[in-house]
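In what follows, a structure is listed as structure tokens, so that the remarks can point back to it.
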């Protein structure tokens, strides 16, 4: 019999239900989590034995959305879900980041977490639900997991923090922050903000962590009732004699190597020391394990770097704790791009371009939460040559997608609104060198490239990566961390913003005990670094250029009456296609009658505007037009009088005398003056050549006949 065990609780404005014991009973653990009709099914499978020689922790997190959750069938050719979307990849990373540091060092058994969205309420984003589910499933599994964790989304509306805002509330919020942590510590923060202060951001982190304690309490209650026995796993005992011998052989040499400021030279020297130490030890005792020697050397390397920083000595590259590496800022480096910049900070460098397009270039996203159009695209590329390596080049990996999204968050708050700047904008960051904080270099480069392209951003933005080294008695916050400091430190803390406030904040914390005081120090130190970088950037370009690039399309906007839209489009799009070909422009019409004409040539745009005005002009009864015969029928002739409008000249209105045969008087393509006699309620136009002939010269010039309108 199926005996589900259920835990239900109120979480802000939502009711959360945790259920286990019903499904996937062969998995190590499985939980169905629902939050107001958004339901995510999360499973955990852990292998009891580690693979021989496994040198890292093989944790895999897969988050997948099923279209049936929203009552839809996939729109792909095969009518089934395919490769993960960018959103699914980002949510997988969001789940992975806070749970990974909670597994003990030395645990290398394979673990897979799969979160499947099976029902979705468009007002409740599944990402928080999936994070809660992953935490609950891991806590139930018996794996050596030092959780559970809680997760919360925090908004900022009307100067108040809002717990887990709905999708509608989030559209009005100045903040979208996700925070995850254990009972006593914040582990992960991911956010974007509309220029909020350091205190407001820190307050949101603390608020979210306080509120999510109810999640942790309820997961613990579920584990008490349904949890599996804890795995009897213990880390392998450290060979103290070997560790002492390695310290004696390598400590002073590693300390000297970490005074070499150039990255490649330092890496080469460290590799030599490790190789020589390992060879010497194996020569002394062939029974020693090379992998164990490697692990102990890595631990020694970490201790050498950390202890120097904690003693207040200069960092690896000789800087003090709050110093920024040397900056080199250049704009307009690529002649034919719409905007470009080369941003260099020490050994980290980004070549960033900005490209302007029309609304047609925007990305249409058919997501589980509904369809949306994205007119600001940010793509981050990390080729292997940037770190002096060879490797595969192809589709973006999870890391590239995640870094691109973080950089996009850093710039999004200063981008102009669509009605003020009707362009689709694509920013691409090519990381050409990397030694720490390439995503924040991308933010700086993007700001520069956008200004170089003439995009009227509200303010310049810059990003900085902070680090932390902490022991029981002391802590040091580092500005502008190197790759080694990120790897060997206790926290990776990235902040982007303008002079006015923060636009993006990302935190990944590897240890417990990060207090509010430490986060406050890091945020304040990051502000000083950000302002320093902005000062250097402003020397290269102080604001957006006065005009967009000569190579970018210029978009001209006009307004037409809604009931004239069909005239401009024409039957089956015939009129708008003809206009596009005739004028050499791109024309887009919105439902409210807004017409956007894009052209690289101003004269072509003016011609297109004139033609649209002709098509949409009202026909005046009694006015004489110069028209062109487009069709001849037994009872008269149809004459185009401009702008795709056509009227009928009845056979009785061709001449003063009786007309037996229309073709005796009119030929196809013949230009004739016509007078408008009537426009009926259905828009049909009655014309007369006979009455026009009694007048003097035609009052309206002929225009080329356009395809028939609907």
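Quick reminder: no glycine exception, Cβ is built from N, Cα and C everywhere.
Around residue 486 (Mg(2+) binding site), the C-beta neighbours below 8 angstroms that are at least 6 residues distant in the chain are 436, 437, 465, 467, 492. Annotation source Swiss-Prot lists Mg(2+) binding site at 486, 492, citing sequence analysis.
Sequence annotations record features per position, and here Swiss-Prot assigns compositional bias 'Low complexity' to 694-710.
Under the heading domain 'KH', Swiss-Prot lists 553-612, citing sequence analysis as support.
Per Swiss-Prot, domain 'S1 motif' is recorded for 622-690.
According to Swiss-Prot, the region 'Disordered' annotation covers 690-710.
The Cβ of residue 492 (Mg(2+) binding site) has 21 neighbouring Cβ atoms from other residues within 10 Å, across all protein chains displayed. DSSP assigns residue 486 (Mg(2+) binding site) to a helix in the three-state reduction. Taking H, G and I as helix, E and B as strand and the rest as coil, DSSP gives the domain 'KH' (553-612) the counts 32 helix, 16 strand, 12 coil.
Mean pLDDT across the domain 'KH' (553-612) comes to 86 in this model.
Secondary structure by DSSP for the domain 'S1 motif' (622-690): 8 helix, 33 strand, 28 coil.
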